[in-house]
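Asks: Before I ask anything, here is the structure I am working with.
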Amino acid sequence: MFRVGFLIISSSSSLSPLLLVSVVRVNTTNCHKCLLSGTYIFAVLLVCVVFHSGAQEKNYTIREEIPENVLIGNLLKDLNLSLIPNKSLTTTMQFKLVYKTGDVPLIRIEEDTGEIFTTGARIDREKLCAGIPRDEHCFYEVEVAILPDEIFRLVKIRFLIEDINDNAPLFPATVINISIPENSAINSKYTLPAAVDPDVGINGVQNYELIKSQNIFGLDVIETPEGDKMPQLIVQKELDREEKDTYVMKVKVEDGGFPQRSSTAILQVSVTDTNDNHPVFKETEIEVSIPENAPVGTSVTQLHATDADIGENAKIHFSFSNLVSNIARRLFHLNATTGLITIKEPLDREETPNHKLLVLASDGGLMPARAMVLVNVTDVNDNVPSIDIRYIVNPVNDTVVLSENIPLNTKIALITVTDKDADHNGRVTCFTDHEIPFRLRPVFSNQFLLENAAYLDYESTKEYAIKLLAADAGKPPLNQSAMLFIKVKDENDNAPVFTQSFVTVSIPENNSPGIQLMKVSATDADSGPNAEINYLLGPDAPPEFSLDRRTGMLTVVKKLDREKEDKYLFTILAKDNGVPPLTSNVTVFVSIIDQNDNSPVFTHNEYKFYVPENLPRHGTVGLITVTDPDYGDNSAVTLSILDENDDFTIDSQTGVIRPNISFDREKQESYTFYVKAEDGGRVSRSSSAKVTINVVDVNDNKPVFIVPPYNYSYELVLPSTNPGTVVFQVIAVDNDTGMNAEVRYSIVGGNTRDLFAIDQETGNITLMEKCDVTDLGLHRVLVKANDLGQPDSLFSVVIVNLFVNESVTNATLINELVRKSIEAPVTPNTEIADVSSPTSDYVKILVAAVAGTITVVVVIFITAVVRCRQAPHLKAAQKNMQNSEWATPNPENRQMIMMKKKKKKKKHSPKNLLLNVVTIEETKADDVDSDGNRVTLDLPIDLEEQTMGKYNWVTTPTTFKPDSPDLARHYKSASPQPAFQIQPETPLNLKHHIIQELPLDNTFVACDSISNCSSSSSDPYSVSDCGYPVTTFEVPVSVHTRPSQRRVTFHLPEGSQESSSDGGLGDHDAGSLTSTSHGLPLGYPQEEYFDRATPSNRTEGDGNSDPESTFIPGLKKEITVQPTVEEASDNCTQECLIYGHSDACWMPASLDHSSSSQAQASALCHSPPLSQASTQHHSPPVTQTIVLCHSPPVTQTIALCHSPPPIQVSALHHSPPLVQGTALHHSPPSAQASALCYSPPLAQAAAISHSSSLPQVIALHRSQAQSSVSLQQGWVQGANGLCSVDQGVQGSATSQFYTMSERLHPSDDSIKVIPLTTFAPRQQARPSRGDSPIMETHPL
């Protein structure tokens, strides 16, 4: 029987097709030991096989006794080798069977196709696998190598040999003798010897048959535990020895194969006397182990059997059964009497590892006893490893011949090492000597591939004797060695080598043909024809050279010219006679030595240069370029001008021509001369060229405008002009010629509304759209005239002033507007039109009329309510209070005033000027430095009384008459800020919240920078402001107009402190106060307002009362209106009008500076921005500049101007928590102005020092550093400079501040404002900036 084995088919990733077919070394004598050992090693070590070498396994099944040339398989298809990528192979794919020299392979393989066929050798399974157990499969193994080396692969092919029924079962002997006692009972069984069949499976013994038994005996077949079938003879009838003592018959045995095979034997049965008892073994199964190196005669085991009989029937005889193999009978001896088994011959585990011994014990009877002895032969390291070399490269006389240029990892031989020992005694390693270019790479268990690990070189080593060593792992280890010889075949693998890789040689030009230049030589390390060298010129070699093929001599065959070719670079080849031939090369550099055989050459025969006429002296005219094909000094060219021309010079090295003269095209248009070029050769050569220089015109004149000739002219454009009409034409001329004189026009600035367009060629300015109201006024158009000169165009610009209006009624105004527009910066897309054009005034009038109408309705309603609460006689008393007011003009304007003096005296009565003083007193309790000190500011204001009378009320649109009692009600507030509000920050005693009412016909007017005056309401208490440009200061103030000799004080004491001013009404008590509902003065919110009646049923504040005080909730300032000093005008002289008033004019003798607690100096301090005075400083919002402007007695309009910080519009600021104020700005139409408080940007403010004889005056100080004045409270200007208000003003000199408004001509409706200046008595005033003050004229 055979045991089932296993098969592993492995596919390597490299798919290197080489199949070594290793023929299994099987022989008939020791095949059993060999296969058992190989199977064990394969099973244990196969999983450790390294497959990276391209090893695979493939199984095929064949039947034994197969005839010759039967196709078994096709490796190319079965291994899918057709899927291998198409690589560039040195040779075609080959299949090579690898086997040991002397072996006869059972199969063959076609090298080209991979087809496997049987050979003529007989395939006998019973011979190949005689020693293996019957239950295992029988395999035959070979190795096939797939070549070439690029796709090398080693494939192990295992052929499973199937059994056929080629053997008949046979009995151990042809005659079988058996004895049966005569008293044997019926159905008694007696064992017969079994037949043996070499085939396995169904082809083995299957049936026994008894022939001619005469029905006395029968036959039965039983199966042993080992699977063997044993025949048994059955007694069917009683036997009688006296009747018949011998029976003869036949026994037939058959197998199950096809065709069925059988055999027979003669069975002879002898009937004997009775033997009642049978022998019995103590142990029926015994297993023992014995080493294979046990000596002969060694006891294996001792068998014991007993028999109950006595005498002869009790004697036992031991023997081997006929089922014991011949090998076992040969190796073991059984003592028939004692039953001792001993070793008859030396054991070999590698041949048979175990033995089954069936022992019979018989007492002479027919029923012997049976016992099975299993002998296991244990291994000892008694076998040295064996080395089996199977060549992949066919050897020649046991020597492998390898070419020296074989690639790396070329497979040379398959080395198989084996060891018949088991376990570690059979583990074998194989290795080679060191320092050889070969290595062993494992592929299968105990199989290695010998391959080259480095390139072979015949020139260094021609032969190799490789010693292979194999050693097992036993103790002590056993080893074996084998030799493998390799001879290296020379190949043409060495190219010829030149002694130098780069050769340089020089030769003069103009040489003689045939001159030998040099000789080249090379060597070759190969031998024979591979070392024979021929010399050749490379493909890049010029035809001027030739080379001797054998000697390598280089020759120049042509005349060389350095100017054509100054060097040659080519290769020379050395080629051997090998197959294929190898070549190498050397680079040859031939340098040609120059000779001076060429003259300098100009790039042009004649040079023409064009230079501009404005080229400066010694400028660059042009560059002369000259070449010389020679080299070195022979090509060093020097340039010079012939005929000693002094007008021009030339650089001898660079060739740059420069003029020594200034060009003038009108005098001479061209210059001609010759330039000489000479080289530096030993025998020099030279040449010359003509140079012509032409002088050309340049664009050096820009267009000049002749119309308009300057920027200050203007052109009138009627609003009715139709679009497309040419309104003006600009004309510019250019003194250049040609394209340099062609002029083109364009508008580059102004004209933001695209109202005008210009023709770029004619310069005609055309009106593009119909003019509407918004287009009226002055338009400033920036026109550019540029020529078409190259490379840079020149241009000029002019401002064209177009005045869109029906007519020019005031040329002076237009000229002034033009002048102002010229001073303004001009940028593209900037509107040039004047913002103060009459059109904008018309829009303002329209808007003001609508807003004023709404305001008047509200004001009338509030006024009616207020007047109903006042006594009727107050109106008459207020109208009678008129005072003459005198004024001293600004010294800087005295000449202008004196020029107009006579004219005004003829046409006008003397001016009635009203002088009022408004005093603001404030106690800052929260300032630790003030300590209750009070600051009082007194401001005298004068206004021409006849100004209103001269206003043209007929021609100017208005809604009121000059004698209107309330001029301010018709004005409209243009301030972008909310109404003026004052909120108290701290709670105050209600008994001090008293407001002194003034007469109902008082009006407060605000004056802006363009003489536009406005009033916030027609209430008795209205707020006026005066707005100025950013560069000027603004002085907003609240004013209560009053009759002459009247004083009104607004006072808000701290806590329970009473006012120091005499109200004239006795003490104030809360019980006598009545609340009112009308609007508060100065735009104060109506929070708590108290009205108190006098015993004469008159409201407080009438014209007959003494100076009184009015308390405003939340206001911590005391505003006092002082009586005017009319008697001061009696002391004035003509000198006062020119040089200013003296102390005699201002101060009566009765007035004492220290007589009153309120006679503290009050000053309006304009602190210079750079002032660093370290005195008490009050924040600007606290310091208030107040100017009170009185109108003529008709309307008694008072303008109040306040100057906050420069960037703010007019506002009244109180430092929190005293009073919080918001700004109120009025810009009424200019036509409605009845009073003017104007401060131009450069107006010169004068500082007034307090006089000791005048209780309260106003001191103003203007900053000399900036025209924009910032206000700082706490400083006044005295005779000795700046001094603190807390200290008072002690100087005696008096500076004065006045503002005068007057008319220059009766028909002129505009109002002139003469700025004031600072001057001392009897001193000429110094103008601030310029010789005369700047005068601003309102358009109306």
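From the backbone N, Cα and C atoms, a Cβ is placed for every residue, glycine too.
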Asks: According to Swiss-Prot, which residue out of N27, N335, N585, N735 bears the annotation N-linked glycosylation site?
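Replies: In Swiss-Prot, N585 carries the N-linked glycosylation site label; others show none in the record.
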Asks: Pick from N177, N660, N805: which one does Swiss-Prot list as N-linked glycosylation site?
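Replies: Swiss-Prot records N-linked glycosylation site at N805.
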Asks: Considering the residues N86, N397, N479, which is the one that Swiss-Prot annotates as N-linked glycosylation site?
Replies: N86
Asks: Candidates are N80, N711; I want to know which one Swiss-Prot annotates as N-linked glycosylation site.
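Replies: The residue tagged N-linked glycosylation site by Swiss-Prot is N80.
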Asks: According to Swiss-Prot, one residue in N59, N510 is annotated as N-linked glycosylation site; name it.
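Replies: That would be N59, per the N-linked glycosylation site annotation in Swiss-Prot.
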Asks: In sequence order, which same-chain residues at least six apart have a C-beta under 8 angstroms from N585 (N-linked glycosylation site)?
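Replies: N585 (N-linked glycosylation site) has long-range Cβ partners F498, G538, T571, I572, L573, A574.
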Asks: Between N59 (N-linked glycosylation site) and N805 (N-linked glycosylation site), find the distance joining the two CA atoms and give it rounded to the nearest Å.
Replies: 120
Asks: Between N805 (N-linked glycosylation site) and N80 (N-linked glycosylation site), how many Å separate their Cα atoms?
Replies: 108
Asks: Restricting to the topological domain 'Extracellular' (29-844), report the mean pLDDT as a whole number.
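Replies: Value for the topological domain 'Extracellular' (29-844), mean pLDDT as a whole number: 86.
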Asks: Between N80 (N-linked glycosylation site) and N376 (N-linked glycosylation site), how far is it from one CA atom to the other, in Å?
Replies: 46
Asks: Sort out for me which one of N59, N80, N376, N805 has the most neighbouring CB atoms within 10 A, since those are the glycosylation sites we care about.
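Replies: Checking each of N59, N80, N376, N805, the winner is N805.
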Asks: Looking only at the domain 'Cadherin 6' (603-705), what are its DSSP counts of helix, strand and coil residues?
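Replies: Counting residues per DSSP class in the domain 'Cadherin 6' (603-705), I get 7 helix, 44 strand, 52 coil.
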